[in-house]
Amino acid sequence: MSENATVNPIHMGIADYVTLGIMLLISLGIGVFFAIRGGKNETKVPINLHSFTERLLPTTISLVNAEYLVGSRRMGALPVCLSLFATFQSAISLLGVPAEVYTYGTMNLYSTVAIVLSYLIGIVTIIPLMHPLKVTSVNEYLQMRFQSRTVRLVGTLIGVISSISYMTVALLSPALALQTAVDLPLWMSIVLVGAVGTAYTAIGGIKSVVWTDVFQTVIIFGGIVVIL
């Protein structure tokens, strides 16, 4: 190729925007579906709110919609596994791992081996401990284990900071890639994806999150297959 040759910039066309819109609408539609369905199948479970909020809120809040928080604990193994895959294999992995391997070789596989081993250890150590307790979160277990509200609040704070930090990078990475590749405005990608994700999570609960992740996993593998 000549040094003076020019490369025509790539822009998203109408079909691309329509496809993006359909994906976001399907994700939002899943949230709406489970919001309507969950309202018809409410299952109330008593929990203990041992925190500063119990002094401020009425006692009726101790009845929490199990359908919303934990899917009534009847989610299938396959959708949950696919949801976990979509959660941990975000745009950071799809964009970062290929670049890492291309630049530094396959040393990244060592971390994968360590992660797999940690999962196997967790199956025989953490899961048999946590599952029978029927806790809503690991922070609830921390309070049960150490009999301390402070420990639970500290664990919650650390989790919030960690999640916000991760989601910042997870939203920024694809936004930067789209801005560079197809000139999609940075703010548009972040606002659309962030708003839709927040909406279907808030209105549909955990079942909405799981089944949206299943849909996104299909899109991820479909996109990889098309590219290859």
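Just so it is clear, glycine is given a Cβ too, placed from its N, Cα and C backbone atoms.
Copied over from TrEMBL, here are the features:
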| type | residues | note |
| --- | --- | --- |
| TRANSMEM | 17-36 | transmembrane segment |
| TRANSMEM | 77-97 | transmembrane segment |
| TRANSMEM | 109-130 | transmembrane segment |
| TRANSMEM | 151-172 | transmembrane segment |
| TRANSMEM | 184-203 | transmembrane segment |
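Below 8 A, the CB atoms of the transmembrane segment (17-36) and the transmembrane segment (151-172) form no more than two pairs separated by six or more positions in the chain, fewer than 3 in all. Tertiary proximity for the transmembrane segment (77-97) is limited to same-chain residues at least six positions away from its ends with a CB under 8 Å from its CB atoms, namely 108, 169-170, 173-174, 177, 209-211, 213-214, 216-217, 220.
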